[in-house]
Amino acid sequence: MSNYHIKHLEEYYQVYRKSVRNPEVFWEEIAEEHFLWRKKWDKVLSWDFAKPEIKWFEGAKLNITENCIDRHIYTRGDKTAIIFEPNNPEEATQHISYRELHDRVCRFANVLKDQGVKKGDRVCIYVPMIPELTVAILACARIGAIHSVVFAGFSSKALSTRINDSDCKLVITADGSYRGAKTIDLKGIVDEALESCPGVKTVLVAKRINSAIEMKPNRDYWLQPLLDDAYHDCDPEIMDAEDPLFILYTSGSTGKPKGMVHTIAGYMVYTAYTFKNAFQYREHDVFWCTADIGWITGHSYIVYGPLANGATSVMFEGVPSYPDFGRFWDIVQKHKVNQFYTAPTAIRALAKQGAELVEKYDLSSLKVLGSVGEPINEEAWHWYNDVVGKNKSPIIDTWWQTETGGMMITPIPFVTPTKPTFATLPFIGVQPALMDETGNELKGNQVEGRLCIKFPWPGIARTIWGNHQRYKDTYFSTFENMYFTGDGALRDEVGYYRITGRVDDVIIVSGHNLGTAPIEDAINEHPAVAESAIVGFPHEVKGSALYGYITLKEVGESRMHDNLRKEINQLISDRIGPIAKLDKIQFTSALPKTRSGKIMRRILRKIAERDTSNLGDISTLLNPEVVQEIQERAL
Ligand code: WTA
């Protein structure tokens with residue numbers, strides 16, 4: 001276990017240098033010591049960012065569920081793997097032991113096999129935050145099926161696009177979900193989605209809210225009776241290291257979502273190693289990541305990373321505001337949570353409610369606080385540090401992406417001195433580079449540029465499902481021989497990194513990545529709309545919110561505008577999901593354009609941000625006069 005837990009800053013630098021000087025030797029040692037392999041690899045790493053092609057632990061054979069479940073049964077069979085905390089605090093918490101998890105995963109795996117699911121098949125999982133979600137994921141991994149989890153807050157259109165993109169034949173869902181005081185008709189959303197998914201033959205439905213839903217004969221089956229009848233053991237499918245484990249969709253700057261493909265061995269090694277070190281997880285700790293498993297944060301740090309370490313991981317079904325804004329702290333107290341991992345948007349929302357709601361609870365169990373998903377602003381950082389952490393639990397501001405599989409830049413608690421709004425130092429094995437716009441690397445400290453990574457790490461996504469060219473274009477074509485993250489960053493005088501935000505057309509709203517193009521596509525479907533452009537603007541709680549500039553085909557009376565605004569947001573909600581709704585909609589006679597017809601988003605962004613002191617040279621625009629109009633009527 002020598003280099004598995006970093007203990008002090010000197011050791012960090014030592015291990016870091018080793019990991020960078022000889023990454024193969026470094027990761028091979030980690031892989032050898034801490035995991036269960038049916039066969040060891042022939043080659044640790046082969047890579048070529050120009051193709052791009054990346055392979056870790058090639059030739060190795062394994063099953064990730066043996067690593068996440070089976071091997072713990074001998075030493076930690078009765079230990080709780082998952083604590084399920086329901087939406088309603090009156091409902092009983094569930095403690096699922098490693099032994100029970102094994103039983104449930106095996107049964108589910110057998111159900112999938114009975115339904116004809118085979119190794120390599122894609123299974124869509126559209127399930128709320130209930131234990132069946134984790135079990136379904138692991139059941140797929142057990143039999144070598146590729147899971148594609150779709151966040152159960154996405155609309156039917158978003159769901160069907162994702163189902164069709166990866167040809168899923170089977171969908172797992174629930175009769176509905178709880179969200180605070182509301183219920184959501186998930187099955188209805190699935191039914192609507194499947195009207196345009198002819199490839200789906202089977203739907204398995206978990207019962208959660210006991211609503212009267214329609215079951216389509218010969219397609220829809222209640223899950224529980226099948227599980228009850230299934231055999232409780234299931235031999236794991238022996239997989240190749242580079243076989244796909246899952247697909248997870250993320251927004252791009254253009255068009256349809258990108259199905260990022262993660263492969264088994266590298267992802268396992270990376271999530272397990274980062275989990276253990278970045279949270280300094282110890283055997284009897286209780287870890288809680290508040291993300292939804294529908295996002296990468298939940299995949300890596302509710303399911304795979306914690307379970308690969310034999311940890312106890314909390315899974316919370318509800319929302320931070322139900323029954324009141326003290327719920328998170330109630331849960332921390334109830335389960336004596338030691339590591340707590342959440343998003344800046346949640347921190348800001350809770351900070352708005354005042355400190356009393358936090359102080360009511362005993363938070364003395366907390367050792368480490370984490371943040372992820374977007375830059376954390378200074379005020380939120382201090383509130384988190386002072387009010388929640390009482391100045392004794394270090395905050396790890398972890399920067400990473402769906403594409404990176406696990407954390408990339410983060411302090412190591414009790415090791416790296418923290419600094420508000422800084423993700424600080426690269427994680428072990430991660431080689432960041434800052435590039436200027438002409439493609440030169442900015443060496444030394446006190447520089448700002450585009451954030452790239454120079455060398456592969458085990459957790460990097462290997463391709464975009466069905467579109468390797470797009471993978472290459474998006475991540476490996478902007479800078480030669482570099483993985484380009486899409487983020488900007490600065491490196492301060494001591495080498496600490498601060499992420500400054502996206503440099504492309506992705507906007508992060510409440511921690512969710514939203515591409516502007518799909519939202520504009522949705523708006524443009526409205527019969528009255530001629531054209532639209534979306535930009536982000538700073539928002540107190542959401543971090544960024546969306547501002548839409550819309551031109552109409554016919555200039556209507558302004559009293560019609562409020563109705564139009566409602567209709568447009570409804571359309572966005574239907575096509576993408578409520579998270580993509582616009583906070584502000586300004587109708588304008590035209591959009592500012594370059595002579596080649598490109599919308600000048602930079603100007604629109606400045607107006608939305610109310611930063612119009614320096615709009616730059618607008619005289620070269622095709623229609624400079626419209627800028628004045630937009631400015632005068634800005635919301
Ligand atoms: C942003 C989430 C600043 C960033 C794990 C990145 C952050 C995108 C941070 C990926 C952070 C994530 N500080 N920005 N600590 N963490 N981001 O794919 O822009 O949902 O590219 O993965 O979120 O979001 P994704």
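Backbone N, Cα and C define each Cβ position, glycine as well.
On a predicted model such as this, the values are computed, not experimentally measured, just so you know.
Per TrEMBL, the features are as follows:
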type   : residues : note
DOMAIN : 12-68    : domain 'Acetyl-coenzyme A synthetase N-terminal'
DOMAIN : 71-462   : domain 'AMP-dependent synthetase/ligase'
DOMAIN : 519-598  : domain 'AMP-binding enzyme C-terminal'
* Take every residue in the domain 'Acetyl-coenzyme A synthetase N-terminal' (12-68), average their pLDDT values, and give the whole-number result. => 97
* Using DSSP, tally how many residues of the domain 'AMP-binding enzyme C-terminal' (519-598) sit in helix, strand and coil. => 27 helix, 26 strand, 27 coil
* **DSSP helix/strand/coil residue counts for the domain 'Acetyl-coenzyme A synthetase N-terminal' (12-68)** => 27 helix, 15 strand, 15 coil
